[in-house]
Structures are given as structure tokens and as C-alpha cells.
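> According to TrEMBL, the feature transmembrane segment maps to 53-69, 89-116, 141-161, 167-187, 194-211, 217-234.
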Amino acid sequence: MLAMPGLRQINSRMDLKLYIQDCIHKQPEISWLNWESDFKNLRMIILEFIKQNWIEVIGAIIGLLYLYFEYKANIWMWLTGIAMSSFYTYVYIHATFYSFACINIYYIIAGAYGWVKWLKSAKKGQNEDISIELRHTPTRLFLPLFIISIVTFVIIAYISKNYTDSHVVYGDTFITTLSIIAMWMLAQRYVEQWLLLIVVNIVSVCIYFGQDLYPTSIMYLVYSIVSVFGYIRWRNLAKKDK
């Protein structure tokens, strides 16, 4: 633990949250006079936070790399996703987000499935990047996917509410359900998976920030922005593949 003048010892991620709140509520003149000291203290808190939560931080960094590959519609996103999900399985279990932990185990399995499936459909561009042809979701699948989503939500919510100590049962379940559907759509190369991810990412930012998972909330904030551009890019690529 680090001991700093004027601050209690860092013993949880709450130190970062409370310190930021203290800075916000300080009088402007006091904050200006002590800005150098405040900056040093904040820097030490952040470094200690990273030290104590390095698994989450690494998972978030790998997650950004995964997002880049997904945006590029590159097959390497699957292996990156498997690595990210391995880290986050631990993070979510530790944070009592059991549905999220289960979905990441599912992601690991789906990642292997997606890698094989995309590899069979892979092509090489002029830059030798492995990529695939994209397509739109058939309208005949809309109703089945909606029904499956409702059933999945009810089942997961029941299990989470009655058999776990999750603090965000319905938010957890909502994200998990849409993520399951989106991952399947991603494996099928459907452009509209981005639309589900936009919703998932926005809701995730709110939930994770509220639970003090700061690196994860930042990652999903970036996801939310990139998801919009990802949808536009995939839609344009799908037109070219026709």
C-alpha cells in the first residue's frame, strides 16, 4: 500500500472515485494553489490502482485491440477476443457479475467457433490481411432472434436473481442476452451485429462506471463511439461485396 500526505492509504478502487469527487468539490482557488500536489497524488493513486487491478487494465487494452480488428472486419479479432475474455472472466467473477463471467466463457468458445468459421470464408486482400465477405441479416431471422432474446433474458434473469448475489441483475442480464445474440450474428458475418453492440456498449458504460470498474467503463465508452463507425464501415463493405 502507498501512504501519501493528506490521503489515506489506498486499499480499494474507491480511493480513485472519492479522490476525484474531492477535487470536483474543492474551492477553485484552493484547487489552483495545490494543483501540483493534487496532480502528484492523483498520479500515485492511478499507478496504485493499475497495480492492484492489472488484470482488468490488461483486459481493457486487449479489448481495444480486439475492437480495432473487428472494425477492420479482420479474422484476427477472434484470437484477440479469446484473450480478452480470459482476463475478463476473472474480473467479472471478482466483481460478482456472474452473467458477464458466463458470457465471457461463452465468448471463449464462440471465439474458437468464429475463428474456424471465418477461416473457411477468408480471403486475402492486396495488403495480405485476412478478411471476409460481409452480409446483412435476413429479415426471416428477425422474429426468431427476438423470441430467442426474450426467452434467454427470462432464463438468465431468473438464475441471476435466485442463485447469485449479482448487484445489477437486470442490467447484467440485458447486456448478456444482447451479447449472446450479437456474438452469433458476428460469427455469421452480419452487419447488424453492430446495432446490438451499440446498445450493449452504452448500457455497459453506465453499469461499469457505477460499479467502479473504471478501465472497463472507459473501454466501453470507446466501444460505443467506434461501434457507430464500425456499423457504417461494415455496411459500406457489404455493399462492395455484393
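Every residue, even glycine, has its Cβ placed from backbone N, Cα and C.
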> Looking only at the recorded stretches 167-187, 194-211, 217-234, which one has the largest tally of CB-CB distances under 8 Å to the transmembrane segment (53-69)?
217-234
> Among the recorded stretches 141-161, 167-187, 194-211, 217-234, which has the greatest number of Cβ pairs closer than 8 Å to the transmembrane segment (89-116)?
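Maximum Cβ contact count belongs to 167-187.
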> For the transmembrane segment (141-161), could you work out the same-chain residues 6 or more beyond its ends whose Cβ comes under 8 Å from its Cβ atoms?
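The answer is 98-99, 169-170, 172-174, 176-178, 180-181, 185.
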